[in-house]
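Report on one structure; see the data block that follows.
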Amino acid sequence: MSQPTGADAPAAAGGGGLAGRLVTSIAPRADGMLFGTRLNPRRNSLNLVRLILASSVIVHHAYPLISKSDFGPQYLGDGIGGWAVAGFFCLSGYLITGSRFGKSFGDYLTLRIARIYPAFIMCLVVTAFVFAPLNFFHQRGNLAGFWSASTTPAGYIFSNLTLKMYSWDAAGTPIGVPYAAVWNGSLWSLYYEFFCYVIVGILGCFAIARRSPWPVVILWLASIASRVAYPHLSRYLGMGFDGEVLTKLVPYFLAGGVLHVVKRRIGMHWLAALVSIVLFVLCMKINVYAGGQVGSLFAAYALLYAGHLLPSPEWTRVHDVSYGMYIYGFPTQQLVMTFAPQVGFFGLIGIALVGTSILASASWFLLERPIIDRVRDSLVAEHKAPPPVAPLAAPPT
């Protein structure tokens, strides 16, 4: 989901401008690159790519929110939203791996929690105490029974505090909409993304993972093997939906991690991106169930190249509202369907994109960025603080 785009590799010469991004040598270079241009850690469009992915999720959800039986078109075995989530995991894997290997485990975990958790909690609060009563009052004309329903608004918040979604409705709301009793069909993925954070966090505790790319590569290969084997082992593991989702998404996350640990050798090149797209589609054509995981490295590379190639407004490069777009999109759409059920497919998308953009911007400027800055400043100050001075030993008597 939404992470800082900084990394420690400098940009290679020739990467500026669209022409420089397209025309790069594929021959080995003096700086150790096998081909292409290093992804500029600061002048890239990864925030824009993630914003596009978050908006794609809103488009995907418009289908079932207008007609519960319609889950939209499928492409290579998944919908637009499913592929957008996979893309998020690819980019998060790249960025989070860089964040982990540059920090201690404690600092890394603190920053990850600060990035994902406060905005998540605020989204639950806004849904339970703003969106839900608006829906309830609009449909019933009063709030009688709202606060004491079987799934109370407070219960909706507390039951979901661990990132694992157990309650989908607040006091039975949303009601009077095609996709009733579900306020947020996007938050489910955050639990699994945080699981990936923990995997990379633990891996970074081993010195060899900081010195060599092989531990990340081996872990990525193992995640692919788990996907291939899962249909045969699921009955014995008893992991149900969790096992299905983890074996589906973890390979994408680790594929991004692989590309980070080899970034000093593998650069951004248009031909490699084109080949990656072709190979990924081929993998999916061969095997819909595990082809995406086998080809996850190709998907991750293509997305990183998009972040290298696409021009991005400076505002988007500096301000990352993609996380807010992702978590507020679904409830905003449900609120639109509450008050304007005849709005239609494109109307729902348009109004939701505008409304969600406002909420996402508020989340970023009022909550996410201030917390991230404060936590980061606190960690920097902690490391700069002089060590405590030991008291002088008492003189012998």
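Placement of Cβ uses the backbone N, Cα and C atoms for every residue, glycine included.
According to TrEMBL, the protein carries these features:
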DOMAIN    44-359  domain 'Acyltransferase 3'
TRANSMEM  48-67  transmembrane segment
TRANSMEM  79-96  transmembrane segment
TRANSMEM  116-137  transmembrane segment
TRANSMEM  190-209  transmembrane segment
TRANSMEM  216-233  transmembrane segment
TRANSMEM  269-288  transmembrane segment
TRANSMEM  294-311  transmembrane segment
TRANSMEM  346-367  transmembrane segment
Check: Are there three or more C-beta pairs under 8 angstroms joining the transmembrane segment (294-311) and the transmembrane segment (216-233), sequence spacing 6 or more?
Finding: yes
Check: Quick one: do the transmembrane segment (294-311) and the transmembrane segment (48-67) have at least 3 Cβ pairs under 8 Å, skipping pairs fewer than 6 apart in sequence?
Finding: yes
Next item on the list: Take the transmembrane segment (116-137) and find every residue of the same chain, 6 or more past its ends, with a Cβ under 8 Å from one of its Cβ atoms.
Entry: 1-2, 143, 146, 153-154, 156-157, 160-161, 163, 170-177, 183-184, 187, 190, 193-194, 323-324, 327-328, 331, 334-335, 338, 359, 363, 367-368, 371
Item checked: Model confidence over the domain 'Acyltransferase 3' (44-359), averaged pLDDT -> 96
